[in-house]
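First up is the structure itself, then whatever we jot down about it.
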Amino acid sequence: RSCEICHNVGNDCDYDYVQECDSPEDQCGTVMLEGSLAPFSVRTIHRNCFSSSLCKLEHFDVNTGNGAYLRGRIHCCDQQKCEGRPFPGLPLSYPNGYVCPGVLRGLFSDSSESEAACKGDETKCITIVGYRKERFLGDIAYNIKGCVSSCPELILSNRTHEERRNELIKVECRDAAKTTPSE
């Protein structure tokens, strides 16, 4: 299988090329990412070869606290070029009494860990640590912690670190802590 490859800031690619996929990356896909550290946000698009297990994730939304979040939409297909799915508006939700550690390191310079107040149906804490190897940018390390509504099934890879690959080092998901109201 061959897939279109591109990485760009915004919602579309200014450039692209086609690359043969290596096993186990057997599907073409597009990942749309949106990261926010209030009041700033940035969207990026990534077209690449993906494993079908990553394609099953479809979307994720991580509340990292203090108005910061990371969300992604994953769309895989059988064509070389998969169109990205648009982001829905952010839901209006209120704190629900659960808390998690929160950090968004690697995407923004302010990456100190804090407490994330979970909102709406967020009752789980997630930690994702890894890096992305990029041909032009070098390695992009990331450490993401925050509240989520459910735990994704992400599998760590034992493959060698190949060019332009996303390498997960740590994925943990657990129940969030319930805060006790102060009197």
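Note: Cβ is positioned from N, Cα and C throughout, glycine not excepted.
Owing to the predicted nature of the structure, the values given are computational and were not obtained by experimental measurement.
For reference, Swiss-Prot has these:
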DISULFID  Cys3-Cys28  disulfide bond
DISULFID  Cys6-Cys13  disulfide bond
DISULFID  Cys21-Cys49  disulfide bond
DISULFID  Cys55-Cys76  disulfide bond
DISULFID  Cys77-Cys82  disulfide bond
DISULFID  Cys100-Cys125  disulfide bond
DISULFID  Cys118-Cys147  disulfide bond
DISULFID  Cys151-Cys173  disulfide bond
CARBOHYD  Asn158  N-linked glycosylation site
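Here the features listed in Swiss-Prot are placed on the structure.
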residue : record         : Cβ within 10 Å
Cys21   : disulfide bond : 17
Cys28   : disulfide bond : 25
Cys76   : disulfide bond : 21
Cys77   : disulfide bond : 14
Cys82   : disulfide bond : 22
Cys100  : disulfide bond : 26
Cys118  : disulfide bond : 27
Cys125  : disulfide bond : 24
Cys147  : disulfide bond : 29
Cys173  : disulfide bond : 15
Protein Cβ atoms within 10 Å of Cys49 (disulfide bond), excluding its own: 23
Among Cys3, Cys6, Cys13, Cys55, Cys151, which are disulfide-bonded residues, the residue with the most C-beta atoms within 10 angstroms of its C-beta: Cys3
Spatial neighbour of Cys21 (disulfide bond) that is closest, considering only the disulfide-bonded residues Cys3, Cys13, Cys82, Cys100, Cys151 and their CA atoms: Cys3
Distance, Cys28 (disulfide bond) to Cys77 (disulfide bond) (CA atoms, angstrom): 6
DSSP three-state assignment for Cys55 (disulfide bond): helix
Shortest C-alpha distance to Cys151 (disulfide bond) - which of the disulfide-bonded residues Cys13, Cys49, Cys76: Cys76
From disulfide-bonded residues Cys6, Cys55, Cys76, the one whose Cα lies nearest Cys147 (disulfide bond): Cys55
Distance [Cα-Cα, Å, rounded] between Cys76 (disulfide bond) and Cys28 (disulfide bond): 6
